[in-house]
Amino acid sequence: MSDAQDSRVGSMFGPYHLKRLLGRGGMGEVYEAEHTVKEWTVAVKLMTAEFSKDPVFRERMKREARIAGRLQEPHVVPIHDYGEVDGQMFLEMRLVEGTDLDSVLKRFGPLTPPRAVAIITQIASALDAAHADGVMHRDVKPQNILITRDDFAYLVDFGIASATTDEKLTQLGTAVGTWKYMAPERFSNDEVTYRADIYALACVLHECLTGAPPYRADSAGTLVSSHLMGPIPQPSAIRPGIPKAFDAVVARGMAKKPEDRYASAGDLALAAHEALSDPDQDHAADILRRSQESTLPAPPKPVPPPTMPATAMAPRQPPAPPVTPPGVQPAPKPSYTPPAQPGPAGQRPGPTGQPSWAPNSGPMPASGPTPTPQYYQGGGWGAPPSGGPSPWAQTPRKTNPWPLVAGAAAVVLVLVLGAIGIWIAIRPKPVQPPQPVAEERLSALLLNSSEVNAVMGSSSMQPGKPITSMDSSPVTVSLPDCQGALYTSQDPVYAGTGYTAINGLISSEPGDNYEHWVNQAVVAFPTADKARAFVQTSADKWKNCAGKTVTVTNKAKTYRWTFADVKGSPPTITVIDTQEGAEGWECQRAMSVANNVVVDVNACGYRITNQAGQIAAKIVDKVNKE
């Protein structure tokens with residue numbers, strides 16, 4: 001039976017009139033559809049019965065779709081809505097005119113280096129925006145990259161890959177195609193971070209330059225072995241004419257250890273841009289400029305002015321020595337009662353109403369999709385049906401104008417983000433990074449007494465002696481990897497990281513009955529990359545401690561601390577620790593990084609909210625002014 005005969009073209013699915021089958025794969029089908037209630041044309045993905053009935057997949061898909069729907073970046077094809085009709089799960093997405101990068105490479109072969117860099121730069125912009133919002137893609141590959149005729153690139157299928165287990169993909173026979181781009185840590189029990197997306201992007205860069213993925217094999221086992229232990233291929237050795245500088249770019253992007261990779265997708269894209277010759281850098285800039293100008297909407301005409309005027313974690317006793325981690329029983333609680341802690345950041349109420357056709361439908365983030373070209377293809381959903389129209393075919397559609405204010409705001413947002421992306425890519429010579437902060441400047445970065453008192457809500461906190469070495473106190477933590485989430489500047493935490501110097505201060509009110517305690521430290525590393533890598537590693541360990549209780553043994557005394565959820569992601573992370581049986585005594589840990597300096601702060605008291613985060617931010621500001 002042909003694709004056309006076996007499709008649901010012409011039928012209704014809830015409020016959607018399915019007009020054209022765009023693609024088919026192991027997870028389901030993609031249709032061009034008209035939303036008959038809201039009168040716009042979209043892409044609708046219908047999941048197979050196997051996936052729709054899988055409770056794990058259903059919950060993951062809903063969660064990831066809600067997160068991915070928040071992304072507002074020109075190179076991201078957003079999810080507008082999700083839900084189910086008669087037990088079948090679906091996703092509604094913007095319809096985009098384009099063909100997937102995999103088809104382009106198979107039909108035309110490798111891209112020129114400038115064109116490859118232009119496309120990687122756009123996808124890096126999408127990934128960095130997602131990572132900043134705490135969203136990982138997990139399935140970056142040519143099939144999930146759409147290219148328009150003017151080389152404007154989109155990254156699709158946010159949330160789908162992460163909703164699907166690798167075992168499920170294996171059962172569907174699609175794992176080998178996906179595993180060509182999987183980072184080594186995805187084949188182990190190690191935590192998978194956003195740097196897995198950077199690894200995959202480096203694999204895509206390799207394929208754009210050479211026409212082939214880095215590793216090719218007939219079995220998933222061979223692919224896994226190559227990613228884990230195989231040498232990283234050199235594009236210049238595979239295809240003559242590729243600048244040798246790309247070998248180093250791909251090697252770092254595909255580093256076996258996540259901490260050895262680029263700190264962001266944008267860093268990888270910038271390195272790829274710098275690997276081009278000067279004429280090719282200009283060519284890549286021209287491609288980016290042309291794609292932006294042809295795809296992003298023009299600014300709205302100015303509105304005439306109105307004719308009428310507008311209507312108007314520390315112990316409660318000082319540690320001995322001063323750098324001893326917190327652990328001593330605090331003094332009695334003050335007479336006031338601490339206020340309730342605020343709810344988790346980003347918590348959103350559920351939808352207030354849902355149409356009868358989709359009882360579990362997800363919230364719509366906006367009143368309708370941003371008007372865009374009308375063809376969607378790819379996303380790992382298989383090739384278009386045989387005999388279908390040209391991928392550049394235009395299909396008339398009904399329009400539903402956006403309100404003027406919302407439209408103008410969207411246009412401004414897209415233009416600003418687009419302009420930033422162009423500027424980064426087309427500058428002829430990159431701005432030189434700042435010189436590393438010298439060790440003798442570390443003490444000047446710490447907050448003085450008045451600054452610490454202002455943040456902590458005190459008036460009498462005073463600093464102790466300067467700290468110039470890591471704390472090596474004989475402290476035992478039941479979960480050793482959580483020691484850094486509990487205490488500042490710990491020798492076991494920093495040992496072997498390559499740091500070069502530390503400077504810190506402990507501040508509190510005089511005497512034994514202090515109500516506030518702060519340990520602030522700044523740690524110098526040889527390079528900014530090493531400092532960022534340390535913070536990323538710390539973030540991974542802290543997240544593994546969230547919700548857990550640890551037992552601390554310090555000088556023959558035992559204490560128990562419970563970790564809340566970690567907030568933020570590198571470059572800044574925070575977590576609150578509560579001491580058991582200490583009448584509300586809490587500490588907030590904060591860690592951040594600027595240039596080659598790691599900022600390490602612990603702020604303790606009875607009314608802890610984000611004091612450590614504020615202190616860290618103020619220190620970062622000082623580092624950036626150096």
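In case you wondered, yes, glycine gets a Cβ from its N, Cα and C as well.
Source: prediction; values computed, not measured.
Here CYS545 is paired by Swiss-Prot through a disulfide bond, and of CYS203, CYS208, CYS482 its partner is CYS482. Annotated pair ASP139 (active site, proton acceptor) and CYS482 (disulfide bond), C-alpha to C-alpha distance, rounded: 30 Å. Sequence-distant neighbours of CYS482 (disulfide bond) (same chain, 6+ residues apart, CB-CB distance under 8 A): LYS541, TRP542, ASN544, CYS545, LYS548, VAL550, PHE563.
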